[in-house]
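If you look up TrEMBL, you'll see 1-50 marked as region 'Disordered'. TrEMBL lists 173-191, 211-229, 261-280, 286-307, 365-388, 416-435, 466-485, 491-513, 533-553, 565-584 with the feature transmembrane segment.
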Amino acid sequence: MLPSGAQNPWHELSNLTRRARFPGGKPSVRSRSVPTSGRDGGRNDSDEIITGRSLRIFPHDQAVHESVQESECDDIGEHTNEEPLAIDVPTIGRDQVFETLQNRQQSDYTLSEERSRRRIDSDRASETDTIVPRRNLSVLDVAALIFNKMVGTGIFTTPGSVLFYTKSKPFSLILWATGGVFTSIFITVYLEFGSALPFNGGELIYLDEVYPYPELLATIMFSGFFLVLGNSYGNSVTFAKQVILASDPSYQSTTELDNRLIRFIAIVVLSAVCLLHYFSNKFGLFLNKLFAIFKIILLFTVFIAGVKAAKKEGSGLEDFTEIHGPSESADGLAAMVLIFYSYQGWENANYVAGEIRAPTRTLKIGAFLAVGLVTFLYILVTLAYYLACDYNTITNTQSDLGVAVLFAPRAFGSSLGLKVCIALSALGNLIAVAFTSSKVKQAIAVQRILPFWKFFSKDIDTPKGALTLHWVSSLILILVCPTTADGYNFAVGLFTYGHIIVGTIVTVGLYRLPTRMRQQWPSWQPTIITNKWVLRLLPIVFTAGNLVVIIWGAKPRTPGTIPRFWWPVTFLLIEAGSFVYWALMMVTQAELDKFDKKGRKETIGSLIGFEVRIYNETDESVPQSMQEAMVQSRLDGSRRRVAYKFTGAFDKIRIWSRNAKDILGNFLF
């Protein structure tokens, strides 16, 4: 029996290691998982981030488990009337605290180090009993994920529009090279975040780390944006259009295509890709690398064909140095907007940083390899178009098929083969995006801020629930959004536009990142941007480049098309809805000047029957049912979990829905 009135050892431990999630507060919880010192960050050769420090401070027995069985988690976060939301922890004298901590830390350190050693060897068979994904993504995987998302269909359509604005082929090539330089700057900023916070989710983790207050706001705002717009609508529709165009060469414009057929093919290919990842994550990664190789060969082939076509009569070489009319500075900005859109996708690997081997080194090499290769190939392919075709052919406004389809007959004698290749390029993009987007949606779901979070967060290695969510969100947009050229460009540009805003906010947070990391690791140093002046300058350059797109991209320029000011309007509406969702969650926690039968203050949630509780590692006690979940939250970088308590009518609805699910499951399976 412990002496009464003694200090609670776990409260003492929490006080020693507690993180305050407020600006200027105590150490970042995520930085606990990244023990760093010096320029190299103090990591071992494998860059393994799950160390004894990640788990040994957790103030509960059985803090480290090898698996989370579904049967053990069925009731996590769903409390009945009888289940308390907190537990009492036995207390002991203060003199026994440090002896207890020393023994406890040594035990947990041994357990967590054993777990780390098993995860370091990423060439072993998949560890199906782990509660975080295995780090098995190599440099080639990272490069292929970025390359496949960047190289979709933009390079096959955009160069004509860029030339239309600039009126000069050499100046257009300079702008394409400038776009590559800016992209290298953009990726450098994200690499610093990925090195400091190597977890799945990308901006989901970064925003929460550098903007921790108000609690949960940054997480829900980003989640709302990504859940609504982070889908595969664009690539599915592009694939469908190119397949139809290849099947019938008589089409001169996408406006002639049957919208019903476009949607049907788009849904089929979307379903096939999601099922591919659903049943075989490894095969999906294999195809990701295979399509990256295919695209490299394709772009080199286009360049060689363009150089050969330049020798033909009437080629673009004849007017290569001419200036075709006056061009204003505003036209140059419009061209840069299109180029920035074509380079989008450089952040793709950051979304799965939690599955990358030695994330600092691997992410850096893979990202720069992909961005450098894309820049080089974009310049070569654009040069091929400009050498093979004259100005009027490239800037043809009578067709919306894209410059590559206009270029193909002159370079290859037929456009059929290139149409098929463009469709395959879109398919490769679709595979890469489905893989990473589903991981982000799973990272959102595990924090339990979504309805049906159990289903959407299931199966860590192969995110079956998140893939289903990704399929549903993409399906809705395919059925609702227009498939016309203008409608398609608006829908695809909407995500890009919103992501640029998100990226700008993340980049501004780079100024705060070192402070957050050094709160726990005083000797922590940036591993990517090691010069302090560069660290201060890059966010400014990044923000300036993005502001060009944000401001100029929202200006309507073509009569008869959807005004682009609807991009910021739509984005703000989505964020407004996300804010309302967050506010409702917070309102349920507001305390009233009333006390229940046990002498505790009532909340608005307890009165209406739907109570929300947010658990962080700052909490001195958590319910027994949440202990396993809090262990996992340390490993996935979120450091929090949301729990719900239902009473009255809400509890009846919960029971009814669970019974209905069981009955339906038994009937179907």
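Placed from the backbone N, Cα and C atoms, the Cβ positions cover glycine too.
Since we're looking at a predicted model, the values are computed, not measured.
Contacts between the transmembrane segment (365-388) and the transmembrane segment (491-513): absent, as fewer than 3 C-beta pairs lie under 8 angstroms at sequence separation of six or more. Beyond the ends of the transmembrane segment (286-307), by six or more residues, the same chain brings 140-141, 143-145, 147-148, 151, 155, 276, 373, 377, 380-381, 383-385, 387-388, 404, 407, 411-412, 418, 421, 424-425, 427-428, 431-432, 435 to within a C-beta distance below 8 angstroms of the stretch. Only sequence-distant pairs (6 or more apart) were considered; of these, at least three Cβ pairs between the transmembrane segment (466-485) and the transmembrane segment (261-280) are under 8 A, so the stretches are in contact.
Contact between the transmembrane segment (173-191) and the transmembrane segment (416-435) is absent: fewer than three CB pairs lie under 8 Å, with pairs separated by 6 or more positions in sequence.
Counting only same-chain residues 6+ beyond the ends of the transmembrane segment (416-435), those with a CB under 8 A from a CB of the stretch are 144-145, 148-149, 151-153, 156, 232, 235-236, 238-239, 242-243, 245-246, 249, 269-270, 273-274, 276-277, 281, 284-285, 287-288, 291-292, 294-295, 298, 302, 345, 348, 352, 402, 404-405, 407-408, 467, 470.
Contact check: the transmembrane segment (211-229) against the transmembrane segment (533-553) gives fewer than three Cβ pairs closer than 8 Å, residues 6 or more apart, which falls short of the contact criterion.
Tertiary neighbourhood of the transmembrane segment (491-513): same-chain residues 186, 189-190, 192-193, 196, 203, 206-207, 209-211, 222, 225, 229-231, 233-234, 340-341, 344, 347, 477, 481-482, 526, 535-536, 538-539, 542-543, 546-547, 549-550, 553-554, 564, 567-568, 570-571, 574, selected by CB-CB distance under 8 Å and a gap of 6+ residues from either end.
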